[in-house]
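Report on one structure; see the data block that follows.
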């Protein structure tokens, strides 16, 4: 079943088409370090973008991090994601794995990634290999280092903005709203700065351009092949920073003299591209990334600007540290949500039947919404990625079994609600209130089950290795006596909708 694009997706696509139409056959200008105005433009238009060259990082940390990348690659722990973009399933050209705080997740392109946990204090984590455990510990060490560097960079940015307060241009009033760290740097700002750099996950990336001959061309500036298209990073705490450690494998690290006369960027060297969102006046930047370089996107840069990754000729790893927005994205969160639904189940029933305490519409509506959340945001997201996480750790096995057991109890709760709707003697008004409360969730459940089932059977899904093949789970056949309701809810939804229509005058 084809998903209807969201209003945000439609608006983004319309902006892109308008921009391409406006450009026609011309390229927008962009700058590289070879251009005289490159650093001036960076300072004026991209002041919240910071580059730390490899020489500023200790050799010991470089060695550990680069060995950790190779370890994760050697053990087959990086995977191309089967993502959903505008209703189409696509395999990302970049292979990834999420490492971070135990129980955290990170969602991008309608795909929820689950952390391979790093060893935070007080945790007891088992990895499948000692080398993988050591690699995760190294990325936690890198995380700590990048956090310190980010806090320092944010403090420097705040100090610069503070120093500029007294030099307000004549055309700007003193109370003109400022974008940035704020006009008064104080103790609260210090707390804010630390929270904006409190990285809880890193998304590891790997790509070998030699094995990806069909990479897209950058469409606006003519920057060449892209490993990652123009985007804002998703699912982050507002105004939080992003820190990236880049490691391109052995190859041409410097431009040769023969290339110095070429316009634009050197296609053999990896670059990160930046542009102001939907701005065709300001030149873009293409910043070369050499082995061990780090860059930082501070404050609201990720919201006001877009970035892309421009492929070089050699394989490249990166570790991208983020403050993932986890208010609805941790195991603790979803377990707490799942505890709400069973609170409506009576405990004094002797057999396996489920009896409900309340048929209040608001209570039933909340229960069905939680039912959908655990099924489609957690269980199906996890199993759609096959058994990939077992390559690194079994940390998620028990929690997923627990969530599935809670979900199964919710199926029984839904069944009890449907029995109540059919009960003879139930007042019509009360029946209609119940139907109105649950119908939207049941309709969404049916549509989403059909969509996820189709995605698992798609041609591209069938090409994946056995341990990465999507699994449509939970799934059961009609004759499965252990399940109170069918997998396919088409008939039930149709019947409920008909009852509601009949009741209307």
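Each residue, glycine too, has its Cβ placed from N, Cα and C.
Feature list (source: Swiss-Prot):
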- 4: phosphothreonine (MOD_RES)
- 32-327: region 'Fe2OG dioxygenase domain' (REGION)
- 96, 108, 231, 232, 233, 234: substrate binding site (BINDING)
- 205, 295, 316, 317, 318, 320, 322: 2-oxoglutarate binding site (BINDING)
- 213-224: region 'Loop L1' (REGION)
- 216: N6-acetyllysine (MOD_RES)
- 231, 233, 307: Fe cation binding site (BINDING)
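Binding residues for substrate (96, 108, 231, 232, 233, 234) extend across at most 17 Å, taking the greatest CA-CA distance. Confidence for the region 'Fe2OG dioxygenase domain' (32-327), expressed as mean pLDDT, is 89.
For the binding-site residues 232, 316, counting C-beta atoms within 10 A of each C-beta gives the highest total at 316. Neighbour counts were taken at the CB atom with a 10 A radius for the binding-site residues 318, 320; the maximum falls on 318. The Cβ neighbour count for residue 234 (substrate binding site), using a 10 Å radius over every protein chain in view, is 14.
Other than 231, 233, 307, the residues of this chain whose Cβ falls within 8 Å of the Cβ centroid of the Fe cation site are, in sequence order, 228, 230, 232, 302, 306, 308.
For the 2-oxoglutarate site listed in the record, the two most distant Cα atoms among 205, 295, 316, 317, 318, 320, 322 lie 19 Å apart. Look at residue 232 (substrate binding site): DSSP puts it in coil. Proximity to residue 205 (2-oxoglutarate binding site), defined by a C-alpha to C-alpha distance within 10 angstroms, is shown by the following binding-site residues from 96, 231, 233: 96. For the pair residue 108 (substrate binding site) and residue 295 (2-oxoglutarate binding site), the Cα-Cα distance reads 21 Å. Spatial neighbours are here defined as Cα atoms within 10 angstroms of one another, and by that definition the neighbours of residue 233 (substrate binding site) among the recorded positions 216, 295, 307, 316, 317, 322 are 307, 322.
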